[in-house]
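According to TrEMBL, the features are:
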BINDING   16-27, Leu56, Glu77, 121-122, Arg139  S-adenosyl-L-methionine binding site
Amino acid sequence: SGIGSQKDRVVTEEEWLQKWEMGNTGFHKEQGHPLLQKYLNVLLNGRSGLRIFFPLCGKAVEMKWLVDMGHSVVGVEVSEQALKEFFAEHNLPYHEEPVPEISGAKKLQSTSGNISLYCCSIYDLSSSIVGKFDGVWDRGALVAVNPCDRERYVSLMITLMEKNSSYLLVTVSYDPNKHKGPPFYVPESEIKSLFG
């Protein structure tokens, strides 16, 4: 089956770092993602001052949009370069601090305090470190994690969600025999079984 062809594919942290170094970031959307604009009211559901999580955030411009609307954002990303570019491109002052619970991790936090970006593996995070979230914007995260890690990824995400949290997920649909990923193909049936 097509899924079988991707099941064992593994993309290492080094490969992701290299994509950022080489500027091979076709997945980054300069103008932000049209689907977030389209479904923003689903994510926010009329609520203000939300905490919103961006897994594998890269330098997503939507983080700035949401903060400008009065929400606070937490992201996680292995590429420190991506995080620094985010702050630089939006002219946002920030400071860096270590994350005591995670060896080698850094937190880059805007001076205003409403953007906290963790430079580490997402699997190092837990709700005791980052708290829980009212919303998650998962665009390019579930489809980027290695297929063998999906269950681990989703169970982590579930532990980070508040009871009435909204989870917006963008996936990609294509013939997995023709493309080895990432982004990986995650069929709807698998999404339903992962998230229950």
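The backbone N, Cα and C atoms fix where each Cβ goes, glycine too.
Structural mapping of features recorded in TrEMBL.
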{"residue": "Trp16", "record": "S-adenosyl-L-methionine binding site", "Cβ within 10 Å": "19"}
{"residue": "Lys19", "record": "S-adenosyl-L-methionine binding site", "Cβ within 10 Å": "19"}
{"residue": "Met22", "record": "S-adenosyl-L-methionine binding site", "Cβ within 10 Å": "8"}
{"residue": "Thr25", "record": "S-adenosyl-L-methionine binding site", "Cβ within 10 Å": "16"}
{"residue": "Leu56", "record": "S-adenosyl-L-methionine binding site", "Cβ within 10 Å": "23"}
{"residue": "Ile122", "record": "S-adenosyl-L-methionine binding site", "Cβ within 10 Å": "21"}
